[in-house]
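Asker: Have a look at the structure that comes next, please.
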Amino acid sequence: MIQIHALPAFNDNYIWLLQDLSSQQCAVVDPGDAKPVLGWLAQNPDYRLTDILITHHHNDHVGGVAELKQSTAARVLGPAAETIPARDIALVDNDRMTVLGLEFVVHAVPGHTLGHIAFYHEDATTPLLFSGDTLFAAGCGRLFEGTPQQMHDSLGRLAKLPDSTLIYCAHEYTLSNLRFAQAVEPANVDIAERLAEVTRWRSENRISLPSNMALEKRTNPFLRTGETSVKEKADERSDAQNTSQSAVFASLRAWKDKF
C-alpha cells in the first residue's frame, strides 16, 4: 500500500513523499530542499529512500537532490532535456518506469520550462499525476521558457487523463489561483464553492491538494479556454478578438501574470 505525504518546503512548495508500507521504502518528487526529506527519514528510520523523481530543473525543485543522493544513494530520474543534478536516468516522452511497484509513464509538458515532464500512474480507481509546475490546482505555471501554444498544448494533453486522476502539483497556490478564476468567471458556481472551501481549509492550515481532473475542468480557467464566457472575458481584457483557444490561453496567462 502506498501513502502520499506533502512535505512543506520554502514558502509554498510541496515535496511529495510516496511511502510503501509493505516494503518500507519511499520516494520523493521534486525535493527542492533536502532538510524536510532527511527530517522525515530521521523520524521513520525503518524506511529507505529509493527514488527521486524530478519534473524540471528549477532550483526549488532540485536544490536538495545532490545531498539526498549522497546521503541515501537513491536513484534520480529526471527529464533528459534539462540539466538535473546527480541524474541516473534521463527520461523522455512516453518512457515508463517502476517506482515502489507503481508503473509511471512520462508526459512531456513543455511550457513552464522547455524540458518539463509530468509523471502519470494509470489506475482503474485512483490514477495519479505529479504535474510539477505545469498544471496547478485552479491554475498553471508561468511561462519562463516555453510559448503560450506549448503550454496550452501541454495542459490539453493532461486534461485528457481520466476525470478521477488525482493531481499532485508542487505549490500551494490554490487560493490565489481561485481568486483569479473567479475574476475570469464571476458567475461560475463551482469556482465560488471551491474558493469558499479552500479559504476555510487554509484558515485551518490545511493543504488544498491533491486536486482531481474533474474539478479542474470545472474550475481552472486555463482548462476552460473553449468556454464562451472565458473567451469573452479574455477578449475584454486583451481588447482584441482571440481567434483560437491558444490565443485565449495567452491572454489569460498575461492577465494572471499581473493579477
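Glycine is treated like the rest: Cβ placed from N, Cα and C.
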Asker: Of the candidates ASP33, ASP88, ASP133, which does Swiss-Prot annotate as part of the Zn(2+) 1 site that also includes HIS56, HIS58, HIS112?
Answerer: ASP133
Asker: Write down the one residue from HIS5, HIS171 that Swiss-Prot lists together with ASP60, HIS61, ASP133 as binding Zn(2+) 2.
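Answerer: Of the residues offered, the record points to HIS171.
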Asker: According to DSSP, which kind of secondary structure is ASP60 (Zn(2+) 2 binding site) found in, if we only use helix, strand and coil?
Answerer: helix
Asker: In DSSP terms, helix, strand or coil for HIS171 (Zn(2+) 2 binding site)?
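Answerer: Its secondary structure by DSSP: strand.
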Asker: How many of the residues that make up the compositional bias 'Basic and acidic residues' (229-239) does DSSP mark as helix, as strand and as coil?
Answerer: 10 helix, 0 strand, 1 coil
